[in-house]
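For reference, Swiss-Prot has these:
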| type | residues | note |
| --- | --- | --- |
| BINDING | Q102, N144, N167, Y227, Y263, G267, G287, H296, H313 | substrate binding site |
| DISULFID | C56-C61 | disulfide bond |
| DISULFID | C58-C136 | disulfide bond |
| DISULFID | C139-C278 | disulfide bond |
| CARBOHYD | N76 | N-linked glycosylation site |
| CARBOHYD | N109 | N-linked glycosylation site |
| CARBOHYD | N320 | N-linked glycosylation site |
| TOPO_DOM | 1-4 | topological domain 'Cytoplasmic' |
| TOPO_DOM | 26-337 | topological domain 'Lumenal' |
| TRANSMEM | 5-25 | transmembrane segment |
Amino acid sequence: MRRKTLKYLTFFLLFIFLTSFVLNYSNTGVPSAWFPKQMLLELSENFRRFIKSQPCTCRHCISQDKVSYWFDQRFNKTMQPLLTVHNALMEEDTYRWWLRLQRERKPNNLSDTVKELFRLVPGNVDPMLNKRLVGCRRCAVVGNSGNLKDSSYGPEIDSHDFVLRMNKAPTVGFEADVGSRTTHHLVYPESFRELGENVNMVLVPFKTTDLQWVISATTTGTITHTYVPVPPKIKVKQEKILIYHPAFIKYVFDNWLQGHGRYPSTGILSIIFSIHICDEVDLYGFGADSKGNWHHYWENNPSAGAFRKTGVHDGDFEYNITTTLAAINKIRIFKGR
């Protein structure tokens, strides 16, 4: 990243020097006094346009088009991952699809719920998610697979700009293998766990009640049960609460999963979320362990892999998506030691 940025800056400075030399010492008749002000402004604008035309300063930029037809057919850079006051109005077909995900009966009015929600939590996109003009944002998406055990990936994971985790994943006691840093943690009410003070909670709402739960959990604590008991109160700073856009869930389902499963898992939602906000993405803790077992790294689960047979998510198809992304050099997958 630094080498590529340095190359751009060197090119820019060299261009200024050569232009200045030509204007001051040739017989063009252009006054040298004109150069410092007007020419610098034009050069600065041209350089800004040049940099803006580059997806990033990484060696491989995820959003670079015309690298893979398969990727270009699925990736829509105009899709906004987070719900805000500016994009909260959903198309009717998207809204009806979302309501069917968990067959919610008599849902509250979504518009009223969103208005109440954004009186409590930020209504604008997390400024950290806005990509810089020049740079390379490296992100680690840490899954919950048992293949993280004894991997010693911890320091490598922590070296990324963003570290995304999901659901009930703990770090305390597992730092050597999974790292200790978390910048964004994706959860839904039934999978919530206490988060660190500076961690951004990204709520993935599968029903209107999930949005109401955020309101309740940060105020009155009246919602204690959905289809299972949920925490009545949470210790998360309101400015650290972000909402995954329901329309983005449908985008993942339509464009990436092409209708496989009932709806996307938190894992694939985290991955597609990351390729929209990051320039480089590394996956850790996805897939089975070396013995072919599917279980969480923090537990010895006698029924490992049972979740793959529920029919809610198509785990095999989702895993094929991740391996294809890796095969075309859009992401990297670290499968454990």
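Just so you know, glycine gets a Cβ as well, placed from its N, Cα and C.
Here the features listed in Swiss-Prot are placed on the structure.
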{"residue": "C56", "record": "disulfide bond", "CB count, 10 Å": "21"}
{"residue": "C58", "record": "disulfide bond", "CB count, 10 Å": "18"}
{"residue": "N76", "record": "N-linked glycosylation site", "CB count, 10 Å": "12"}
{"residue": "N109", "record": "N-linked glycosylation site", "CB count, 10 Å": "9"}
{"residue": "C136", "record": "disulfide bond", "CB count, 10 Å": "20"}
{"residue": "C139", "record": "disulfide bond", "CB count, 10 Å": "23"}
{"residue": "N167", "record": "substrate binding site", "CB count, 10 Å": "20"}
{"residue": "Y263", "record": "substrate binding site", "CB count, 10 Å": "19"}
{"residue": "G287", "record": "substrate binding site", "CB count, 10 Å": "19"}
{"residue": "N320", "record": "N-linked glycosylation site", "CB count, 10 Å": "12"}
Query = So which of the disulfide-bonded residues is most packed in, judged by how many other Cβ atoms lie within 10 Å of its Cβ, out of C61, C278?
reply = C278
Remark   = Looking only at the recorded positions N109, C139, G287, N320, C61 (disulfide bond) has its closest CA neighbour at C139
Request  = Using C-alpha positions only, work out which of the recorded positions C56, C58, N76, C136 is nearest to N320 (N-linked glycosylation site).
outcome  = N76
Message = Test of understanding: give the count of other CB atoms lying within 10 angstroms of the CB of H313 (substrate binding site).
response = 20
Ask   = Tell me, what is the mean pLDDT of the topological domain 'Cytoplasmic' (1-4)?
value = 50
Note = As a whole number of Å, the Cα atom of C139 (disulfide bond) is distant from the Cα atom of H313 (substrate binding site) by 25
Message = Using only C-alpha positions, which one of C56, N76, C278 is spatially nearest H313 (substrate binding site)? These are the recorded positions in the record.
response = N76
Query = Cα of C56 (disulfide bond) to Cα of Y263 (substrate binding site): how many Å, rounded?
reply = 32
Task = For the substrate site as recorded (Q102, N144, N167, Y227, Y263, G267, G287, H296, H313), determine the largest distance between any two Cα atoms, in Å, rounded to the nearest integer.
result = 28
Query = What are the non-local neighbours of Q102 (substrate binding site), defined as same-chain residues 6+ apart in sequence with CB under 8 A from its CB?
reply = F206, K207, Y227
Key: C136 (disulfide bond) to N76 (N-linked glycosylation site) - Cα separation in whole Å   = 20
Request  = Name the one residue among C58, N76, N167, G287 whose Cα is closest in three-dimensional space to that of C278 (disulfide bond); these are the recorded positions.
outcome  = C58
Request  = Rounded to the nearest Å, what's the C-alpha distance separating N76 (N-linked glycosylation site) and Y263 (substrate binding site)? Just drop the number here, would you?
outcome  = 19
Query = Between C58 (disulfide bond) and G287 (substrate binding site), how far is it from one CA atom to the other, in Å?
reply = 27
